[in-house]
Amino acid sequence: MKVVGLMSGTSADGVDAALVSIVRRGGTPRITPLAFASLPYPRSLQQRIVELSLHGCVDDICHLNTYLGELFAKAALRVIQQSKCRPADIDLIGSHGQTIHHLPKGRREPGVGLVRSTLQIGEPAVIAERTGITTVANFRPRDMAAGGEGAPLVPYAHAVAFGHARRGRLVVNIGGIGNVTYLPPGGGVADLRAFDTGPGNMVLDAIVHESSKGQSAYDAGGRRARKGTVNRALLTKLMAHPFLTRCPPKSTGREEFGAPFVRNLLATQRQARLTVEDLLATCAAWTAEAIGSSRRWVTGEIHDVIVGGGGVYNRAIMASLRQVFEPTPVLTFDECGWSSKAFEATAFALLAYDTYHGQCTNVPQATGAHHPVLLGAVVPGSPHMLTKWARLAR
Ligand SMILES: Nc1ncnc2c1ncn2[C@@H]1O[C@H](COP(=O)(O)OP(=O)(O)OP(=O)(O)O)[C@@H](O)[C@H]1O
Ligand SMILES: CC(=O)N[C@H]1[C@@H]2OC[C@@H](O2)[C@@H](O)[C@@H]1O[C@H](C)C(=O)O
């Protein structure tokens, strides 16, 4: 099958679109990347999403759900055009959407008990209408309905791409939030361990945004962090953050590490007379040490650390990670044959493919779900595609 995966992560910097071909051999899917395209959000839109994620009003959420659906459709059409295919050549789209709120711990409601919720927007009906391609979206809520946190979901794809017969591997994603997947040597999906580690680029981006009065979005190359000095006292305090010490399964987001958290950090920085560069250096080291401290929940040996996500371009984070894991080699996804930028979009193409084939892809020990479930809600593309799906279901 030819499948497009669409993803906009917690950094909210734009839509990534990966076109892949997937075949299943001996029970294991094999993925061949065909094309990749990005559709960056305008800066003002990124800021609207960031603000909406913490205190949006229903009017904005309603509007942005459809507007983002249009942008996700454009990204899909862009990657299809780039590959010289036509939409009619594509079998399926898997769209993660844009997370705007995530409440994995849930709240109690009378007569129902604990209600967990998560909200990804980017209307799949718009994607299916503009492209004519059957679209699977809303992957997280089914895992939550089964008692899980709805995240992380990419560990299944980590196992498919990076599992190794003789090497234990810690796969690390440094997006807005950091997350890890431990793959024991020769182990399958049932043996992996995965959870969010906490801070990632989200904290660094917010420091840069606030301190530049909105002029810069991120610390390119980690250059400013590399000019600063890590403040050990602050780093020790940050390592005691309750999310870092909480036992997995665990997942997090802007609710815990977004603007209010960063405003407090900036106040601490001013009181302690640190420079913004010192704060960036300290938070880059914090991201790396939080990932390193995840080893307390990993029982097997780690032969390789393999890192993807935008954090691989931040040399301050990568230098800290190498120190934390010394002497274990720290490689990037790209060095292992997978694009750091395209991996999450590729993962959602794979999740859609598996849902189409009736395969459950949540990893219960990673999300905390009571059992494996089929992920996603399906919007049929054309009547012809719906018939194809129904035939398969029979
Ligand atoms: N050249 C660069 N130098 C430094 N940092 C960079 C560079 N390019 C990207 N980044 C960082 O990577 C971030 C985006 O990373 P990525 O796309 O992996 O996050 P995401 O997928 O939105 O997040 P998540 O995985 O948490 O959902 C940017 O916001 C920025 O902080
Ligand atoms: C709710 C949500 O969008 N969570 C993201 C976020 O970004 C990284 C980390 O936190 C991870 O748990 C998850 O994304 C990836 C794609 C996942 O589900 O594996």
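Cβ coordinates are placed from backbone N, Cα and C, and glycine is handled just like the others.
TrEMBL annotations:
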{"type": "BINDING", "residues": "Gly9, Thr10, Ser11, Ala12, Asp13, Gly14, Val15, Asp16", "note": "ATP binding site"}
Which binding-site residues, if any, among Gly14, Val15, Asp16 have a Cβ under 6 Å from ligand 1, given in order along the chain? none
Could you tally the C-beta atoms, other than its own, that fall within 10 angstroms of the C-beta of Val15 (ATP binding site)? 28
May I ask which residues of the same chain, at least 6 positions away in sequence, place their Cβ under 8 angstroms from the Cβ of Gly14 (ATP binding site)? Ser8, Ser38, Leu39, Pro40, Tyr41, Gln46
Those binding-site residues, Thr10, Ala12, Asp13, Val15: which ones have a Cβ sitting under 6 Å from ligand 2? Thr10
All-chain count of other Cβ atoms within 10 Å of Asp13 (ATP binding site): 22
Same-chain residues at least 6 positions away from Gly9 (ATP binding site) with a Cβ under 8 Å from its Cβ, in sequence order, are Thr99, Gly175, Gly176, Gly309, Glu344
Neighbourhood of the ATP site (Gly9, Thr10, Ser11, Ala12, Asp13, Gly14, Val15, Asp16): other residues with Cβ within 8 Å of the Cβ centroid, in order? Met7, Ser8, Tyr41, Gln98, Gly176
